[in-house]
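Here you go, one structure.
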Amino acid sequence: MSKKKKASSRKPSLPQPAPQQKANPLLQQAIALHQQGKLAEAETLYRQILLQDQKQPDALHLLGQIERHKGNAQAGLEMIERAIALRPESAPFRMTRGNTLRVMGKRAAAIAAYREALEINPDFADAHNNLGVILLEAGDAQEAADHFRRALEIRPAYPDASNNLGNALKALGDIEGAIQRFKRTLEMAPNAVSAWTNLGSLYHKIGQWDSCTECYRKALSINPNSAEAHGNLGTILADWGRYDEARQHLEKAIELRPNFPEALMSLGHALIEQGHGFEGEMRFLKALELAPDSPLANRMFSLKLFKQRRLIEARDYALKALPHAKLRERGMLLSHLASVMAMLSDFTQVKALSDEAMALAPWEDELWEHRLYNFSYHPDLA
């Protein structure tokens, strides 16, 4: 299961009154409604304020947030930019602009907006956190970690930044550091579902199965509608051969998040192992439609095809994923591809593929087993 986990995004900050807002009772009332989640009522008041004064920057800024929440990101961005033009020294306005640009998929512009916010206020913890999230998404885990740490220096009790730092440490390969960081997050926020699922995924990675499932079940006790927790728990159960229970969790995960490639892949695996080949293959194909370059999904589907002796298809799916696989996953793919080539009697490639796989992940027992199996097909390689 992926663990395309995916830095946890910080929840949007609730609006807070600025000193200049205190003289406007209507604006204070709108902000109170906004803080209570009564967005329609807040929107009505913000628009009423703007009818009276179309250059009221706080109303423009907060109405822009609501428009983004409603899915009208472009309209929201225009309002926020009008607010910035009226109050260019506002770091929160520039951070909100970054949040909106991120929603719109404009990563470079969002990063620039967060940096502008930090130029105005270097001690703006939320801007450090949000910049860290988008940098982590962009693959710059080290700078992301630096910003999460800075956010925590400014605001030590900041669960979102702590959780995100755990994700950055995981991306940097510091598994023990990430585990300790997620535990620290849970000390701050015991009901943080994302921290429980993130911790569970790390226990999965290091083979601590009981701790892993305990984390996922804890997450589900807090939020029974966590697609990530259902999907991850279902994957573990499928790996254990507990297919009926696995399917219950995986089907729930897909009900909650229909476009969830990792859950679809694991459900496909469970269905095929239970003898439902066509249904399982359809789940794999849907997963690959959503994540065509996924090394894990392509390898898993290729393995199923290999077992059915659909060797050309198995080879093609493995080759498709190879350019996108790194380190251990690339080693696993190469080893599997060597097995396919051995069955196709293409022995010119078997040794080279196996050697490259072993160089990438020599600690993996499975690769040694594959190597012995593959070489047994040709006496010159034994």
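Cβ from N, Cα, C; glycine included.
Residues annotated as region 'Disordered' in TrEMBL: 1-24. The feature repeat 'TPR' is assigned by TrEMBL to 57-90, 91-124, 125-158, 159-192, 193-226, 227-260, 261-294.
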Hey, which bits of the same chain come close to the repeat 'TPR' (193-226), Cβ under 8 Å, at least six residues off its ends?
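For the repeat 'TPR' (193-226), the list is 1, 3, 5, 8, 159, 162-163, 166-167, 170, 175, 178-179, 182-183, 185-186, 232-233, 236-237, 240, 256.
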So how many of the residues in the repeat 'TPR' (227-260) end up helix, strand or coil by DSSP?
27 helix, 0 strand, 7 coil
Per DSSP, what is the helix/strand/coil residue tally across the repeat 'TPR' (193-226)?
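Tallied per class, the repeat 'TPR' (193-226) gives 27 helix, 0 strand, 7 coil.
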